[in-house]
Amino acid sequence: LLLRWRRRRGLWKKVEEARRRQERSLVQMETAVQRFREQHPSVNAVSILSLPLPELSKKLRDGSLPLEHVFYAYVGKALQIAIETNCITEYLQESETQVRKAKLTEKLGLLYGVPVSIKDSIDCEGHDSTLGFIKNINKPAAEDSVVVQVLRRQGAIPFVKTNVPQSLISYDCKNLIFGQTFNPLLYTRSPGGSSGGEGALVGGGGSILGFGTDVGGSLRFPAAFCGICALKPTGNRLRYREPPAMNVLFWSLPVVAAVGPMAKDVESLALCMRALLCEDMFNLDSTVPPLPFNEEVYASTQPLRIGYYETDFFTMPSPAMRRAVREAKQMLEDAGHTLVPFELTNVDYMMFNFCVRGMFADGGASFLKKFKGELEKSSMGVFFWLAKSPSWLKTLLSWIAKPFHLLMSFIGFLSFFSTVDEVWSLHHEIEEFCYQFVAQWKKLNLDVMLCPMLGPALGIGYPGKLSVAVSYTMLYNVLDFPVGVVPVTVVTDEDEEELKGYKGYFRDWWDRTLAKAFRGSAGLPVAVQCVALPWQEELCLRFMKEVEAL
């Protein structure tokens, strides 16, 4: 007991140290901004913050806007949003030195002088990538991840790192080290996750361009919940080189992770992709295919043939979600595009067999190992208990839970594979699923797809209870398709009234909880997903731009 007490005390000391570092970061930001304002009292930060990224970038490159004015305008705004939402974990103080050095640069990259924010899990040299784990405190990265290196070479200035949920396997944003991050639009709501700190900072206007990762919707949830845009590219179109802490989270990973940008508008995402898809990216990581940004595809005005669906028949959409797709469909048709119904099947099997059983193919043993010695197990207590249970107990519980379809499936698929042959069979099934999906896409001769996005933002604490609601986003990680999120409407009083009749497809505890999580959301943004086939990010962005304009 004494040894256990000493170990826990040591862990709490590390947590307190990390929190003090976070507090020091905010003080450093405040001091830097105050010093700059005293030296330059006439700078209009509001006008700088109102500029869209393409215009801001142009002014920085032609010298009509000084780097320091832009940098400290965003540091000041980021500080304000951090105090309101608790989204920043660390200030990268060396960014001030980078600003001074950038003025001496002759070769100006596409993102010259642009301040950018970086998700906690993406390595920045000399700074921790904690993933919300105490064991990762005081383990600074030895070098920048590939995407950060390319950003620096393009002139961008990474200036803060942002909060994440513990282990990243959540679409909320809370961990024991840095606490809960709040939605800048409504503090009682979650900002989404796992790139929740980025969503809150960009959504609140404290960053003009942010970078996160996506293994099941981790870019798209924060974008949708905070009313901004995001792009999840094909898994290998961009690379960020996962931190060592990430490498052993899963024993088998048929669900493909991706790194991507978040911004207020689609044109900013396109500018970012132009900058990143360059020789530096291809040379630094040879696994990235040398495909530069295709301007012709992005700039095309040819009418599109667009597939669409209003529901996946697994998670019943909220009235606002369904209306968002219908209104976008009607506007696209009125603009001259062709809309074709697309039918989804077996989403429940995809969710539990491909995602849950695929990601935790060893019964969750590798995942559990990462939590060993941690002070808390996030909000996944039931999952941990099930993962540690013997196979006979899982079988028994699965049989008892038969009347509750989702619970039975979850318990049944959280069993480990007993042979390597079973693992190979699963991967073959996933390949077959992807082949059938693409075949249906080709049969309908589609260019892109319009889909629902879970929303509006759920109340704090609800995402942990509703992990099954990731079906709309997880599908495109399994397929490894590029997909973007664009806000298109807000929840109305009529949506709220219609929500009173929401029952869900299974009419179980999860459906009732989701209905509660949706309530009281009038005025909050609702988004749609825009999807393209693998390696067609430019077409995806072109479609997003069309939806945004309409």
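A Cβ is built for glycine as well, from the same backbone N, Cα and C atoms used for every other residue.
Unlike curated records, TrEMBL annotations are generated automatically.
Fair warning: this is a prediction, and the values are worked out from it, not measured in the lab.
The following features are taken from TrEMBL:
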{"type": "DOMAIN", "residues": "73-541", "note": "domain 'Amidase'"}
{"type": "ACT_SITE", "residues": "Lys119", "note": "active site, charge relay system"}
{"type": "BINDING", "residues": "Leu168, Ser194, Val215, Gly216, Gly217, Ser218", "note": "substrate binding site"}
{"type": "ACT_SITE", "residues": "Ser194", "note": "active site, charge relay system"}
{"type": "ACT_SITE", "residues": "Ser218", "note": "active site, acyl-ester intermediate"}
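Annotated features, which come from TrEMBL, shown on the structure.
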| residue | record | contacts (Cβ under 8 Å, 6+ apart) |
| --- | --- | --- |
| Lys119 | active site, charge relay system | Lys161, Thr162, Val164, Ser194, Ser195, Gly197, Glu198, Gly210, Phe211, Gly212, Thr213 |
| Val215 | substrate binding site | Leu168, Ile169, Ser194, Val255, Val256, Ala257, Ala258, Asn477 |
| Gly216 | substrate binding site | Ile169, Tyr171, Val255, Cys355, Val470, Thr473, Met474, Asn477 |
| Gly217 | substrate binding site | Tyr171, Leu454, Val470, Tyr472, Thr473, Met474, Asn477 |
| Ser218 | substrate binding site | Leu168, Tyr171, Gly193, Ser194, Ser195, Gly212 |
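Within 8 Å of the centroid of the Cβ atoms of Leu168, Ser194, Val215, Gly216, Gly217, Ser218, where the record puts substrate, the same chain has further Cβ atoms from Ile169, Ser170, Tyr171, Gly193, Ser195, Thr213, Asp214, Leu219, Phe221, Ala257. Regional average pLDDT for the domain 'Amidase' (73-541) in the model is 90. Neighbour counts of Cβ atoms within 10 Å were compared across the binding-site residues Leu168, Ser194; the minimum falls on Leu168.
Whole-number maximum of the Cα to Cα distances across the substrate-binding residues Leu168, Ser194, Val215, Gly216, Gly217, Ser218: 11 angstrom.
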